[in-house]
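Shown next, in structure tokens, is the structure this report addresses.
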Amino acid sequence: MRVEEVILPGVGRKYTISVHSGDRIVVVVHHSGQRELQYFEKGELEEPAATLDLTDEEARELGAILAGVLFAPEAVGDTRAKLAAETMEWVKVAPGSPGAGQRVGDLATPGAHLLAVLREGEALLPNPHPDTVLQAGDTLVVAGPRAAVERFLRRVSA
Amino acid sequence: MIHPSVEAFGLAAALLALGAALVHRLRLPPLPAYLLVGLALGGRLEVEALEPLPSLGLLLLLFSVGLEFGPDRLGQLSHRVLRAGVWDALALPLGTGLGLLAGLEWRGALLLGGILYVSSSAVIVKLILDLRRATYPESEVVLGVLVFEDLVVAALLVLLGPEVGSGLLGGVGLALAYWVVARRLGPLLSRAVEGFSDELVLLTGAAMVGGSAALFHVLGASEGIGAFLCGVVAAGLGLRERLERLFGPVRDLGVALFFLTVGAQALGLLQGAGWLAASLAALGLLLKLPLNLRGAREAGLSPKRQHYAALYLIPRGEFNLILGALALEQGYTLVAQVAVMLVLASIPLGSLLMRYAPDWLGRSRRPGSSEVQRVGRSG
């Protein structure tokens with residue numbers, strides 16, 4: 001894939017993306033946040049086969065889908081699932097991080113729910129009891145509003 | 001008791017809205033409608049009562065031209081676009097030559113050359129956005145050529161400032177001072193501004209634009225250049241997006257009123273304008289077409305797009321009127337008349353040609369293919 005970027009003074013930025021098949025996509029990102037897309041079939045230089053207008057928000061959603069963020073194909077690592085303003089995070093407790101050795105009850109953060117703890121070689125621990133002590137290597141599944149979840153993650157892994 | 005300017009403003013805004021609504025139905029851009037509404041009103045419009053909005057509109061327009069089309073853009077242009085800019089710039093000496101042939105002295109002839117040469121970046125950007133042409137390759141070339149033009153004309157304006165001796169000195173001195181400030185204090189200032197609230201940025205920006213214009217005026221230089229340089233400095237501080245967002249609506253309102261008053265005052269100025277002025281204006285329109293066709297070819301556009309590019313560059317606007325006002329102050333009435341005629345004729349003509357060029361030029365080559373399948377549409 002080849003990407004060319006040019007500045008359009010007063011308008012925004014233009015990206016010309018040529019993909020493996022020889023088709024091209026031209027994307028203009030306006031200062032206003034609006035996006036204009038044009039699709040050119042292989043060999044066609046003059047007239048686009050299709051055009052598409054997107055608002056800033058639509059463009060971001062589309063970008064997330066294209067990047068595989070929004071509907072992640074596999075639930076591994078720090079995959080994020082986005083449910084409107086709510087979020088769900090998988091996070092590994094690293095050795096030496098503040099979360100290791102802490103009681104779940106001490107980490108309680110308003111709004112953030114610790115749904116499960118995955119511990120290597122053990123059965124899944126759903127709805128962990130407040131007295132459960134986290135260990136390095138545990139994987140935590142946390143859900144809630146993004147801000148609360150991020151607060152929780154900071155307390156665990158700072 | 002209500003101030004009379006409020007009534008005048010309300011009425012003017014209503015008429016502008018009406019004009020914009022009418023042309024919107026025809027899927028035409030609104031700018032020419034503002035000019036024509038003003039032209040239709042003529043002397044009945046109380047221009048003085050609308051002040052300072054039209055004057056501010058022009059200054060803010062030049063400010064955003066400086067923001068977007070400043071010297072830093074020159075480095076971002078590709079070589080092929082620069083070649084188109086150089087071809088286009090030949091219109092300046094050619095126009096000056098025309099002025100000398102018409103019997104003007106060198107100063108008047110240079111002003112005329114500038115007026116025939118410079119196209120309006122503000123009008124053309126707005127047309128490109130309104131007509132949704134930003135994705136096409138000719139827009140890139142046209143916008144690059146405009147960067148080139150604005151810098152040449154800014155330099156010309158500094159050299160030809162209102163007052164012959166002191167204006168030149170003041171203009172060059174201030175321009176240098178702004179450059180030094182931007183260079184020396186740039187990082188410091190941009191860090192400081194980052195902490196400002198939007199409102200503070202808006203007010204500081206407005207004060208800077210108005211203050212610069214006044215400062216340049218006091219020293220006998222062109223106030224328009226003051227506003228333009230302000231934009232250049234602000235862009236250097238990394239404030240481009242933020243100021244564009246903050247000033248956009250205020251500027252658009254002022255610009256609409258500015259073009260309204262240009263239309264309203266045009267008839268008075270054009271009284272006694274003869275064939276000479278009209279033919280100079282017409283020659284000015286024609287002069288740039290072959291140059292821009294050639295430039296667009298050098299820039300690697302296809303034949304059809306070369307024509308589009310040449311047509312896009314027809315509209316004249318802010319800098320032509322500023323040069324015209326300067327010419328009037330210095331006693332070159334003919335030159336000022338040419339400027340007003342060019343702006344009045346080129347904006348509606350250029351908008352129409354830009355709007356319909358794909359229908360006319362596109363259809364003749366490949367029937368049916370100009371019907372682009374539109375998948376989605378918003379805002």
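Using N, Cα and C of the backbone, Cβ positions are placed for all residues, glycine too.
Residues or ranges marked as domain 'Cation/H+ exchanger transmembrane' by TrEMBL: B:15-348.
Under the heading transmembrane segment, TrEMBL lists B:49-69 (among others).
The transmembrane segment annotation in TrEMBL covers B:81-102 (among others). Within the chain carrying the transmembrane segment (B:81-102), a Cβ under 8 angstroms from the stretch's Cβ atoms is held by residues 74, 108-117, 140-141, 144-145, 147-149, 152, 156, 276, 280, 283-284, 287-288, 291-292, 294-296, 298-299, 309, 313, 334-335, all 6 or more beyond its ends.
If you look up TrEMBL, you'll see B:108-129 (among others) marked as transmembrane segment.
Summarising the annotation, TrEMBL assigns transmembrane segment to B:141-158 (among others).
Tertiary neighbourhood of the transmembrane segment (B:225-241): same-chain residues 59-60, 62-68, 70-72, 150, 154, 157-158, 161, 171, 174-175, 178, 181-182, 186, 189-190, 193, 201, 205, 208-209, 212-217, selected by CB-CB distance under 8 Å and a gap of 6+ residues from either end. The transmembrane segment annotation in TrEMBL covers B:225-241 (among others).
What TrEMBL lists as transmembrane segment is B:253-270 (among others). Proximity of distant same-chain residues to the transmembrane segment (B:253-270), defined by a Cβ-Cβ separation under 8 Å and at least 6 residues beyond the stretch ends, is recorded for 12-13, 15-16, 30-31, 34-43, 45, 47, 50, 53-58, 60-61, 122, 277, 321, 328, 336-337, 340-341, 343-344.
Per TrEMBL, transmembrane segment is recorded for B:334-357 (among others). Listed by sequence, the residues of this chain that lie at least six past the ends of the transmembrane segment (B:334-357) yet keep a Cβ under 8 A from its Cβ atoms are 27-29, 31-32, 35-36, 39, 99, 102, 104, 108, 111-112, 115-116, 120, 123-124, 127, 131, 133, 262-263, 266, 269-270, 273, 276-278, 280-281, 284-285, 307-308, 311-312, 314-317, 320-321, 323-325, 327-328.
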Outside the transmembrane segment (B:49-69), six or more residues from its ends: residues with CB under 8 Å to it: 4-5, 7-9, 12, 121-122, 125, 146-147, 150-151, 205, 209-210, 213, 223-225, 227-232, 234-235, 239-240, 243-244, 247-248, 250-251, 253-258, 260-261, 318, 321-322
